[in-house]
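Everything below concerns the one structure shown next.
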């Protein structure tokens, strides 16, 4: 409340002290007033969500009283799209981690969607299907965590249990042999005739032209309903399916949303799981109990029928101690819980358990939970080959024509963040959702290592979230009255990411430039009006730091977070805003960009040392470098003025807030200056971009001084 009062006085100061007609800095003053109005609105949206922060718990006490055959069937969807950017070994480690869930295997089915239609990925999955027969019983016998073999073998070097040591050595040898075969094939970029002859499924590549032009390739590698689908201990195995949906150059494939919808339809014919988990191919399961945790919410006797999906947070195994590329801890640990308190945790595209009915467009109904108790004992009359052939049609590129898929059914098309708009659409039909963040993280993925990857990723998110405002299921109009106002504010906060660039850029440039002309835009330190500005700044950032530390971060990690937010707001959000506007007026189409999951050894080494990685020319780098250069020149001009002017102390009193703002901008950009002028490694800023950006910054300062 005190912050609200402080903001009110700041706005009152702006209104009451607008410079007179013809006064220097009048329009800059009005611009700052507009920027502060925007920041105030955005802060209120954020606080409205955080004030309702609620933490959920599992209902494991209730689930433990249920019989195992009452559990719903679960289908797991894993999507990959490029065997180079998303290596097959990474993909199958994710596959094996979810196959090994602590869940009845006859009720678990795993689907891999390969949008590249790569025979290398299929080969890796075939190898994984054989290794699973050894890996799954090993995990159960020794209660392994995590159940991604790649992560497990990195974590455990020498088991303490003597009995386990022998089994550990044996299973690790099997894994290394499999890894060697897969990596060898990936390095060659092709499979030998001997490898192809090991499975009939490779014959489906005979008509393959390219990853954008091929028939549907569907192969059930493990049929969980077959009596001979057993591991080495004689226990049942989960169903395992490979799918490469049909692709044709003249038919839009709608990226990940299209792949997910094809999986929904195909899986309905093969396993028809009541619950669908979708997880990115780089987000392996880190907790074998998470599937049961999610099911607990759906099966709760009182409120379970309302739940459409259970969203787990994104966490990353490769995050450095001080999170050099940011962590967004407040979002995952506070803001999502706040939206959860309003009954509508957002769907973020991975680590999410869906109720199939809700995902397919059905409205909420109380009886739906009871349907899970039916046993799917219908004997399948067709052969496995016939089932594969019949199911292929549901993944054809023409199947969705003249249907509601992508509109009222499945994931929604038309936005780069199809997951978010899908979640809003589901909630507008009356469903609720749950955000659950257990102590042991449910999923661990790979965070962007380079700044370029991070900025591109946030550009797509900000563009997509802004476009949502103008789509049918907009939280601003369509959702009004269908979801709570608090939840609307939560979504507004993300929808307005992109426009944040305008106010942030203005505040990062104008006050510093006006230092060069000694024009004050804030109250002087000796004025009472200085108090609300100082109080709001101190309170906001002190609270932010304490909150970050409470969420498990470090002081240096918080400082890194402030830098990354500045870079994202002034570059990613700017380009996302422009791209969204161009799309709205019909000048461009959105494209889905896959973030690379592999990096060079020297890049990874610098990342682990917490050195920001530039190393490439990018228009977004031009923006942040020009901004850093401009503030550096303004600060150097300020230092010269303070040293040479006898009235320097008086000048400091008048311009204190502008001086502090410019100094903080220089300080926060210190790693960028090192990349521009000091570093000699390959991760430094390219020389051509350095000269270009410095030229832009000097030109801006010169024009301001002589032509303003």
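Yeah, the Cβs are placed from backbone N, Cα and C, and that goes for glycine too.
Sequence annotations record features per position, and here TrEMBL assigns transmembrane segment to 26-45, 491-509, 573-596, 616-639, 651-670, 690-707. For 86, 115, the entry in TrEMBL reads UDP-alpha-D-glucose binding site. TrEMBL lists 115, 419 with the feature active site. The Mn(2+) binding site feature in TrEMBL is assigned to 256, 280.
Considering only the recorded positions 256, 280, 419, the residues lying within 10 A of residue 115 (UDP-alpha-D-glucose binding site) on a C-alpha to C-alpha basis are 256. Recorded residues residue 280 (Mn(2+) binding site) and residue 419 (active site) have their alpha carbons 12 Å apart, per Cα-Cα distance. Over all protein chains present, the Cβ of residue 256 (Mn(2+) binding site) has 22 other Cβ atoms lying within 10 Å. A 10 Å cutoff on Cβ-Cβ distances gives residue 86 (UDP-alpha-D-glucose binding site) a total of 26 other Cβ atoms nearby, all chains included. Only residues 6 or more beyond the boundaries of the transmembrane segment (491-509), in the same chain, are considered here, and those with a CB under 8 A from a CB of the stretch are 31-32, 34-35, 38-39, 42, 45-46, 49, 335, 339, 346, 420, 424, 461-463, 465-466, 468-469, 475-476, 479, 566, 569-570, 573-574, 576-577, 580, 627, 630-631, 661, 665. Cα to Cα, residue 419 (active site) and residue 256 (Mn(2+) binding site) are separated by 9 Å. Cα of residue 86 (UDP-alpha-D-glucose binding site) to Cα of residue 256 (Mn(2+) binding site): a span of 14 Å.
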